[in-house]
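Visitor: Dumping the structure here so I can ask a few things about it.
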């Protein structure tokens, strides 16, 4: 957490509750933040910026309470002052032993000998080295993250989510939760397997009457006993009993323990139902058959019919553990894989094959219960190297977490790696291959194979592994619900909110129920070998993202990335991530795809529904770096014509409540863009930013809300300006960054002429940007509408870059306009060849790859009608009246100037008085207020003058600034009034300008043609005529446009940016 967060969470008056930071023990002790007047210069900032002495006092009381069992079982009231406790666990007890206990688990006891026998020493070493390298590299990355600041209890979920953001954090957190839950299933299945196979085989409920039914009976027993065990363990966790599992380390000694194996030919026999490895034996000079004979023959008589292979081959007794000097290591160097049901054979023993092998599956041979191959063994073995997070999960209990976590974790991994490598070599060098491949110890009278090495008795290993699996299962069932509760309380996955609740003391009851349900799925699978690859996937996914988080932070060089653990490198982290990904697909490619799909779905869900957290994650930094790199690479020069697409600046009008006045304009922009390219939504508020800051923020929030509703993807920018004209001008000039700038301005048709003049057209033309003006925008379709059969009509009067052709094509990509057809009309004069024009236009559209109907409209010369003449006259009369009103506005500005001058002299007198007299509080406040008012008045006056100068650039000498005396002011005002009254009388005697009459005639005639052809069209696109060169005729220009568009419903006026935007070339 940052220093400012430490202090702000402790202070009052900043709008943040004290409980906002659970790590600071604070009291309402604002008190005196400074003494005397030594720091009076900074007294204005004391509320927001603390004195260093005060800040250090807060940091001295910092405590990091464990977010685990302790806080759930110790409920304290909010008003009670928490007692500061100092965790006292060191590296050995706090990190090393918990990691060792978690890593050395069920796979070591139940499957390692079988893996060595099946894969051979060399491939087993490859599996151990790959998996241990993966966890070692992950531990290095984890150490760097864990020592980069204080890590509250929460382990890998906390580290990943705060490094990679809520989306990755939630996805990987849930994967880690699922991995921990399935680990609970695996440990429970291991417990039941030890119980039913090695401790009390007679307790089995389902007993197989035939050998071929043994596998199914074992699975059913596992399901029943596993469910009972899960229920019992869940009950233990629910009632909150502190079950402490402390088992001493079991030391293995390779002793030449007397252990014999019975072979028939080269096949290994299950040594359950016979006590002597003989076919017949001499009893009192009489040859009698043994129990072994009865297993292969139909009667105990010597003349009984026996199995063919039994008849052809003799039984042999070999030593199961011949020892290091026996040379058995040569036989165990390479693997012996095979399909399900393949008999476990000793290749060096003589054997006579039988012609009929169909009865072999019913004979008491040791056989493979699953099909074995290298990648399967990788997935089964990997859970034996997990558990490296045990130290970081207990970081809240450590005396010095930043020192203990790296040393303890890496030492634990080094120790267990040494144990695994030495075990692989010693198992392969000491134990006969057929015993190693005997998964359940059937050839050694149902004993645990690793148990026959134990001293003083095999029961040391059997009982030790039983309780170890029980304890590990309980730890999983305790840790997984708390992990789920932490994710739920973070609020990043909305549908998990219910699992954040629990009992009165905080125990995660609902999370425990879900954990038990998922755990039951693993138990119903019932096979340890099938469950192990599932949890391998989820743990590998978690380790993958730990490595990615470290590599990302290192490469981005974030300012906050300052780990105390220095022995890390981004290349090691990338190597670890690559190894994790490789192991996922090596173990099981389809499980890997499912795990990645689950993580991807969770990621997209959090991105869509949640992810409102801002944790300063690395993905944000990565996005910034990628954006900066792309912007620098993106040339500021205009793109090639083939790559041109409208990059929008959308100018919005807001109502009095600062809500969007025309939300359909956002819908139209979405339909035109389809989420591609740049969209900037801008608006202007009149006033200064200092006085309008709150309104600007409110307007931005309203616009963003409307953009979300209308599904417009883009950026929002609201500016405060002294007048709308300057504000829109600034937006047109400055919106965008580098090469990511807009090239098209989209706006709605103004409601009144006072709101909008031709300056926007001039500004966009000067900036070489296209302009789109939508008339009757409130009647445009929403994103939910689907327009039926209809047309989009394009009236191509003048060519200005081909934008008129491109826009209908882009619109028809959206589902709203998809069914509309495109029609192109062009206007021919009397001296044009209409037929040839139509052919040329059709060929042009063919080369442009556009499908459209073409029609050439001929406009005949006709006399100017009386209606046109009269409409022009009324227009000019109105313009003249507006000019008279403008004169009166000039008069008002001069009055403001005189008030400003008198205010300045008043201020000057007050300043002189203040300097001579004493410094009194009230007079000083009055003076400050008056200065602010006058400064604002001067600012408004200058801005108004600037706007007026722009409006009247060709004004006469009366616009020259001069010093006004009172006499001059009265004379000028009387003269202006006289001129105004003369002008009003002249309005009704004026004659219309011939140029305006011709323009009005064009507007009227073109409007008649457009209305006649396109009145029923869904949308009409029309060239926007340019504004007059003389800026005094802007009102007339607006009148021409009104006449041109009269009688049309949906119209989009289009003015190109002065460059080609569509091409016939590929």
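Backbone N, Cα and C define each Cβ position, glycine as well.
Below, the features straight out of TrEMBL:
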TRANSMEM  93-113  transmembrane segment
DOMAIN    95-261  domain 'Amino acid permease/ SLC12A'
TRANSMEM  125-151  transmembrane segment
TRANSMEM  171-201  transmembrane segment
TRANSMEM  222-241  transmembrane segment
TRANSMEM  247-265  transmembrane segment
DOMAIN    368-649  domain 'Amino acid permease/ SLC12A'
TRANSMEM  370-390  transmembrane segment
TRANSMEM  410-436  transmembrane segment
TRANSMEM  448-474  transmembrane segment
TRANSMEM  534-555  transmembrane segment
TRANSMEM  567-584  transmembrane segment
DOMAIN    663-761  domain 'SLC12A transporter C-terminal'
DOMAIN    784-909  domain 'SLC12A transporter C-terminal'
REGION    884-931  region 'Disordered'
COMPBIAS  897-913  compositional bias 'Low complexity'
DOMAIN    991-1066  domain 'SLC12A transporter C-terminal'
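Locate each feature and note its surroundings.
Guide: Residues 186-187, 190, 193-194, 245, 247, 249, 380-381, 383-388, 390-391, 394, 397-399, 404-405, 407-409, 411-413, 415-416, 419-420, 423-424, 427, 431, 435-436, 439, 448-450, 461, 465, 468-469, 472, 475, 528-529, 532 of the same chain lie 6 or more positions beyond the ends of the transmembrane segment (93-113) yet place their CB under 8 Å from a CB of it.
Counting residues 6+ beyond its ends, the transmembrane segment (171-201) has Cβ neighbours under 8 Å at 105-106, 109-110, 156-157, 160-161, 164, 218, 221-222, 225-226, 229-230, 233, 383, 386, 440-441, 446-448, 451, 462-463, 465-466, 469-470, 472-473, 476-477, 479-480, 483-484, 486-487, 493, 515, 518-523, 525-528, 531-532, 534-535, 537-539, 541-542, 545, 595, 598-600, 602-603, 606 in the same chain.
Sequence-remote contacts of a segment are chain residues at least 6 beyond its ends whose Cβ falls under 8 Å from one of its Cβ atoms, and for the transmembrane segment (222-241) they are 73, 184-185, 188-189, 191-193, 195-196, 205-206, 470, 473-474, 477-478, 481, 505, 507, 509, 512, 516, 519-520, 523-524, 526-527.
Remote same-chain residues near the transmembrane segment (370-390) are listed as 95, 98-99, 101-108, 111-112, 115, 118-119, 123, 127-128, 130-132, 134-135, 138-139, 142, 155-156, 179, 183, 186, 335, 337-340, 409, 412-413, 416, 420, 528-529, 532-533, 535-536, 539-540, 583, 586-588, 591 (criterion: CB distance under 8 Å, separation of at least six residues from the stretch ends).
A Cβ distance under 8 Å defines the sequence-distant neighbours of the transmembrane segment (410-436), meaning residues of its chain 6+ beyond its ends; these are 95-96, 99-100, 103-104, 108, 112-114, 116-118, 120-121, 124-125, 128-129, 132, 135-136, 139-140, 143, 252, 254, 259, 261, 263, 268, 318-324, 326, 328-329, 331-333, 336, 344-346, 366, 384-385, 388, 391, 443-444, 449, 453.
Same-chain residues lying 6 or more positions outside the transmembrane segment (534-555) and placing a CB less than 8 Å from one of its CB atoms are 134-135, 137-138, 140-142, 144-145, 148, 156, 159-160, 163-164, 168, 172, 175-176, 178-179, 182-183, 185-186, 379, 382-383, 386, 522, 561, 568-570, 573-574, 576-577, 580-581, 583-584, 587-588, 591-592, 594-596, 599, 618-619, 621-622.
Tertiary neighbourhood of the transmembrane segment (567-584): same-chain residues 130-131, 133-134, 137-138, 140-141, 143-144, 378, 382, 536-537, 540-541, 543-544, 547-548, 550-551, 554-555, 591-592, 595-596, selected by CB-CB distance under 8 Å and a gap of 6+ residues from either end.
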Visitor: Near the transmembrane segment (125-151), which residues from the same chain, at least 6 beyond its ends, have a CB less than 8 A from one of its CBs?
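Guide: Same-chain contacts beyond the ends: 1, 23, 64, 115, 119, 158-159, 163, 374, 377-378, 381-382, 384-386, 388-389, 392, 395, 401-402, 405-406, 409-410, 413-414, 416-417, 420-421, 424-425, 540, 543, 546-547, 549-551, 553-554, 560-565, 567-568, 572-573, 575-576, 579-580, 583.
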Visitor: Please work out the mean pLDDT for the residues of the domain 'SLC12A transporter C-terminal' (784-909).
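Guide: On average, pLDDT over the domain 'SLC12A transporter C-terminal' (784-909) sits at 74.
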Visitor: As a quick check of your reading of DSSP, tell me how many residues in the domain 'SLC12A transporter C-terminal' (991-1066) are helical, how many are strand and how many are coil.
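Guide: For that range the per-state counts are 36 helix, 10 strand, 30 coil.
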